[in-house]
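Peer 1: Submitted below is the structure of interest, expressed as structure tokens.
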């Protein structure tokens, strides 16, 4: 990690600890003795104490201007302000993919000497501003931009240019653009965070957007800046999500985008190419699209584990049983994870999800093969990558304590855009429902507070329990619309009288909401779990169904409708896809934002493009 990355890691951790009331918090590896001056901050519904940020005084510095004049950057070099929060590896890979080299910012002078500068802001507004203030990077950045030098801000790198943010605040920004960054209003029915592929409306000429051609780009954020009369001269495009918010800005050589070009496929690469080499002409322009709104996502999932020979393979379960029913009883092998991820990217997958289904057994930071999978996949896969499995606090055999925050940080640094938490989220939700108190110590709360809830997915694995009387259980139940044709492996068989069910999380080897990779469960309903993890900071729910897993008879519509109607965060439907019609059914009958499949893609039974073409024919917007 660079000195700047170390500073932000320590700043984020210190502020997170203060907000949660943690007095003896874990230390990041090789962390410096940096200590935040802010008294406390917290996300979500927590109370916010006052932040002691020193506002920057934007006076033109003669010293800074003189230093800037001696810059002699190579034409092939891009200066990157990576302050260490979240996944910047994908942007690095995209820049290298386009034929450019990278120079990391170490000092404010590196900013001033840059020929072109990219600022990929990831994470929360407050710790980022704190680092910019404390390192002197903020003043250098303002001087650079005020001189109209080539600049590209991405996501938080756009938001920090504004006067202030309501995130964990108010918190003062760099103040270059009039306006306040505020949270999306979920009261009008939209889901927050805004996650997925959306259309943008170009309002003025912006060179870097010239090749988008009415196609979708990828957004993932909970806060946005709004256009106004005061900042209209900056706004180059807007996006509609509840309201029209600022999707990009441009003034002279200064650009910034709210979306992630490095995660927007070929269209996003064209944006980066236009910035890095404005005079270049594309040999192959992206086809014109028909993007008009937020698209439904089709996600390819890769269940990854080691087989009996020690090789890391993609497998697929039948109600979570991943072994072939043969004499050898070997692990089902459907291919190599990096190769399959690359193929699904080419096939049009909107996201790729890696689930390390044996990650709970081993110490994750020693799980080098899985980290290598992420690193190699992110070199050529320019759509979002999610990884799950074993993300929690650990103490190793030598007594060394590692926080879930460190584990998540390693996954982010290796190329993950989102991390998926399973078992640990179940335990945290149980404790929260029992005490009605947010401890701030769970992996879910810690990671979402530092990296933003948009970076945290909670995986829920329930199965059906049929009832003769809803009063038989204390959990939320629902009327049966589809009794189901799934084979059940437990003794809880459906009879002809049962018309009501609930989705149970209970202890047992093959029943309940699975924790520890499906090998045991907990007594909590899926509805109650979903509501609790949303309160604790989850930004998205991956909703599986053990009964449907591997059956190919369709998603569990009853389950998905129950949960997607109950929460205001996006829900990913999973388990049971066997035909293209199953995707249109889940999108037309529920409020799912995305649908995930594995086996039908691995076995080439249903191509991703066939799914998307069918959805378009059914009038459901998708990215093509």
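Placed from the backbone N, Cα and C atoms, the Cβ positions cover glycine too.
The following feature annotations were taken from TrEMBL:
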ACT_SITE  155  active site, for GATase activity
ACT_SITE  260  active site, for GATase activity
ACT_SITE  262  active site, for GATase activity
ACT_SITE  303  active site
ACT_SITE  461  active site
BINDING   155  L-glutamine binding site
BINDING   390, 544  substrate binding site
DOMAIN    80-274  domain 'Glutamine amidotransferase'
Peer 1: Measuring Cα to Cα, tell me the gap between residue 155 (active site, for GATase activity) and residue 260 (active site, for GATase activity) in whole angstrom.
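Peer 2: Each residue's Cα considered, residue 155 (active site, for GATase activity) and residue 260 (active site, for GATase activity) end up 7 Å apart.
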Peer 1: Find the one among the active-site residues 260, 303, 461 whose C-alpha lies closest to that of residue 544 (substrate binding site).
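Peer 2: Nearest by Cα distance to residue 544 (substrate binding site): 461.
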Peer 1: In sequence order, which residues at least six apart in the same chain have a CB under 8 Å from the CB of residue 260 (active site, for GATase activity)?
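Peer 2: Looking at Cβ-Cβ distances below 8 Å from residue 260 (active site, for GATase activity), excluding near sequence neighbours, one finds 154, 155, 217, 218, 219, 220, 268.
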Peer 1: Counting across all protein chains shown, how many other Cβ atoms sit within 10 Å of the Cβ of residue 390 (substrate binding site)?
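Peer 2: That number is 27.
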Peer 1: Expressed to the nearest Å, what is the distance separating residue 461 (active site) and residue 303 (active site) at their Cα atoms?
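Peer 2: Given the Cα positions, residue 461 (active site) is 14 Å from residue 303 (active site).
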Peer 1: Just name the most isolated of the active-site residues 262, 303, going by other Cβ atoms within 10 Å of its Cβ.
Peer 2: 303
Peer 1: About how far apart, in whole Å, are the alpha carbons (Cα) of residue 262 (active site, for GATase activity) and residue 303 (active site)?
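Peer 2: So the alpha carbons of residue 262 (active site, for GATase activity) and residue 303 (active site) sit roughly 24 Å from each other.
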Peer 1: Provide the number of Cβ atoms within 10 Å of the Cβ of residue 461 (active site), excluding the reference atom itself.
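Peer 2: Summing over all protein chains shown, residue 461 (active site) has 27 other Cβ atoms within 10 Å.
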Peer 1: Hey, which of the recorded positions 155, 544 is the loneliest by Cβ count within 10 Å?
Peer 2: 155
